[in-house]
């Protein structure tokens, strides 16, 4: 046999072995792990699993992109964030793990949000409210919130004494319905609903006051306004273990887009995942990073049905809706300058187009305002035409600025996270009456089915850093089973 022939055979064999290597490593012709969802939790989990030496991972994503609820969209000539927007919890003793990626690694444009001058930016029908009066009401609200922190610290760890934030407010202010004047409702909405996307009457006091995100990482928040999008954080993480093309886009056979998972079957020997296009995938384990809203819907069927304790944990928690409505105008009519970025509308109808933000720094000359609504207002607005929403907004801004020549808005962008079957909401909120033990049941695996997502982060649910850390934590649980045969999972957080 000639040397060229020998070399050719060697190259063919080497190529064949290289192509088979992932299957040989796994011991089967199937991937070790399937990850459902390519948001930051799924991508973070995949990265940690890969770092542990389990390279044979397959990611199935329902949409045509990665990033999940971190998603930029073009509007008024700029890219705006219709989902996650802030790095929340910065400049504290501990470092928020997302902040170095945003600020140092990727150097995304971000701006510290200044809420300190809010008292001078509260509007009613007819113009500005009296600043001294608003400040007095805000000071009182801060006193009540501080009393809530003190009360929260005394509650039994089991959660048996937990109460809603509204109940705490009643105790401290002796008001049967909580804050009820337009200014008090506006301040209350900004304090709680703007953070949790649900009202104080349903939100757990013990598990949200004070918020670990801010006690751990600091009180500052930074608004990401970069044309690459906040989602570039997810692309950065994915690029550390998935291949990319020359343009930097993820182009790896281990990531399959437009794969809508509809069924997950599991047994003691493996899992089978079926998608809407009739594709079938098998693996040793599956990591489900779908949102809490999706788990509460009928999009994914589990066979056999998940045990009752798991189903109860899923349905006990709230999937909140947080809607950021962007509005484009032909000219500016609102105040700008230091201390003017955020302003409130004190309506007799709580949460009615209540929190506004102008973008003098973030998107100069774009003439865009952002108004945020939540909960029932979000659901109502998602179900009506954008033209109706625009008309309602125009009525509000003309009431706030009666002395200005307010032109008609030229464009509007209304995200619809609640209506989207791949999300069914914006982020999770911790409701009254659910213990840490029950929360940990959300994360707990069922056989070879593992779960991750911001809703599985007991300490930081609802936040980007919570989703990122949850991916790592859930991956560690899977790795312990796959590599160390430590498959028994003890639900933590239970107290007597």
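These residue numbers are counts, starting from 1, taken along the chain as shown.
Note: Cβ is positioned from N, Cα and C throughout, glycine not excepted.
Some features that Swiss-Prot has for this protein:
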| type | residues | note |
| --- | --- | --- |
| BINDING | 61, 69, 261, 454 | FAD binding site |
| CARBOHYD | 103 | N-linked glycosylation site |
| CARBOHYD | 150 | N-linked glycosylation site |
| CARBOHYD | 278 | N-linked glycosylation site |
| SIGNAL | 1-27 | signal peptide |
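A map of Swiss-Prot features onto the structure.
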{"residue": "61", "record": "FAD binding site", "Cβ within 10 Å": "25"}
{"residue": "69", "record": "FAD binding site", "Cβ within 10 Å": "25"}
{"residue": "103", "record": "N-linked glycosylation site", "Cβ within 10 Å": "16"}
{"residue": "150", "record": "N-linked glycosylation site", "Cβ within 10 Å": "9"}
{"residue": "261", "record": "FAD binding site", "Cβ within 10 Å": "24"}
{"residue": "278", "record": "N-linked glycosylation site", "Cβ within 10 Å": "7"}
{"residue": "454", "record": "FAD binding site", "Cβ within 10 Å": "28"}
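When secondary structure is read from DSSP and collapsed to three states, residue 261 (FAD binding site) falls in the strand class. Note: the CA-CA distance between residue 261 (FAD binding site) and residue 278 (N-linked glycosylation site) rounds to 10 Å. Closest to residue 61 (FAD binding site) in space, going by CA atoms and restricting to the glycosylation sites 103, 150, 278, is 278.
Looking at the residues that bind FAD per the record, 61, 69, 261, 454, the two CA atoms farthest apart are separated by 19 Å. You'll find the Cα of residue 103 (N-linked glycosylation site) roughly 42 Å from the Cα of residue 278 (N-linked glycosylation site). The two recorded residues, residue 150 (N-linked glycosylation site) and residue 278 (N-linked glycosylation site), have Cα atoms 55 Å apart.
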